[in-house]
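Peer 1: Sharing a structure here in structure tokens format.
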Ligand SMILES: Nc1nc2c(ncn2[C@@H]2O[C@H](COP(=O)(O)OP(=O)(O)OP(=O)(O)O)[C@@H](O)[C@H]2O)c(=O)[nH]1
Ligand SMILES: [Zn+2]
């Protein structure tokens with residue numbers, strides 16, 4: 001997959017809008033004209049469109065959406081359309097797609113046996129252009145294999161789930177996730193859980209000024225606000241073990257466990273699926289994509305510029321930096337900027353740790369991947 005955007009000083013990559021240098025993107029048919037008349041694949045006009053809800057070892061679990069419902073689900077459709085009410089079809093990748101990756105959140109064209117009956121297998125013949133791609137590197141300094149690993153396609157929101165206590169919040173991890181969101185062209189949102197155990201004030205005062213939206217939650221309290229923010233959108237949930245992500249997912253999607261085991265039953269692959277991303281349809285419309293096996297994002301594939309863009313409060317200060325500044329050396333202008341009171345010193349520390357980590361210095365907020373799924 002796209003390995004060319006290795007971080008340091010990739011001038012070319014940074015000039016382009018992220019989604020344009022995604023070589024996984026097929027840009028043959030922009031828009032959603034209903035009659036693709038491309039010379040390239042006239043054979044697949046009869047294909048139906050599906051939404052990839054789970055991926056497991058070469059099997060793609062897709063939901064075939066009802067006619068006329070291409071984009072987001074409208075509220076009205078929902079009422080009768082409960083979770084996973086569409087037809088669930090398991091598919092394999094058509095040979096013509098070659099090594100092209102298909103990930104959860106992809107919209108695909110399906111042919112072949114789309115009955116969804118047991119032991120049938122459809123074929124994915126096309127992956128529609130993506131609106132976003134959340135990626136990670138296995139490590140910050142990983143340069144051994146494909147480097148970038150696409151995680152989820154087409155998400156429009158990254159929900160960073162952080163407990164206010166037990167486990168204690170880790171701002172540097174939040175910063176890392178914010179960079180990943182920025183890199184992916186996805187709006188970040190903070191979801192602060194366990195507010196019965198500690199006050200959100202400190203974290204809120206750190207991140208609200210950056211324009212990062214947030215919700216504060218505690219078990220058993222109302223979910224109205226977060227429901228509103230998730231409605232009609234595709235949101236990826238990330239968070240460390242124990243922050244209350246499962247508690248939240250189960251509260252938002254009362255059917256979550258059933259939906260996941262349904263996916264597992266269809267793929268016939270047992271609980272393995274629970275270690276990769278699964279898209280769950282929200283009762284009010286929209287999707288949440290739970291990522292149990294993904295707890296951190298290595299950022300080797302992200303340029304220095306993109307990392308800095310994830311720190312909007314420091315960005316302005318970097319204008320004074322010498323050209324090509326790595327923001328780690330003495331001539332970096334950010335020290336003076338922070339010393340002059342323009343930004344919180346902790347933010348510069350966080351930025352530097354992240355940048356240093358990409359240069360090979362271990363970052364204790366960046367656990368080695370993959371973590372084994374637990375509890
Ligand atoms: N005090 C308090 N505890 C909570 C709250 N939400 C969840 N918990 C508890 O925190 C623990 C972890 O919650 P989970 O929902 O399993 O957390 P998780 O993030 O899914 O963790 P993994 O399952 O390990 O991935 C459980 O014991 C929950 O009961 C909350 O709002 N307040
Ligand atoms: Zn600098």
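Residue numbering: from 1, along the chain as shown.
Positions of Cβ are set from backbone N, Cα and C atoms, glycine also.
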Peer 1: TrEMBL lists region 'Disordered' for one of the ranges 1-38, 39-76; which is that range?
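Peer 2: Result: 1-38 is the stretch TrEMBL calls region 'Disordered'.
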Peer 1: Of the binding-site residues 325, 327, 332, which one has its Cα closest to the Cα of residue 241 (GTP binding site)?
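Peer 2: Comparing Cα positions, the candidate nearest residue 241 (GTP binding site) turns out to be 327.
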Peer 1: Say you check the Cα of residue 247 (GTP binding site) against those of the binding-site residues 321, 325, 327, 332; which is nearest?
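Peer 2: Its closest listed neighbour, by Cα, is 327.
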Peer 1: Can you tell me which of these binding-site residues sit near ligand 2, meaning the Cβ is under 6 Å from at least one of its atoms: 195, 325, 327?
Peer 2: 325, 327
Peer 1: Would you measure the largest Cα separation among 193, 194, 195, 196, 239, 240, 241, 242, 243, 244, 245, 246, 247 for the GTP site and round it to whole Å?
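Peer 2: This binding site's residues have a maximal Cα-Cα distance of 19 Å.
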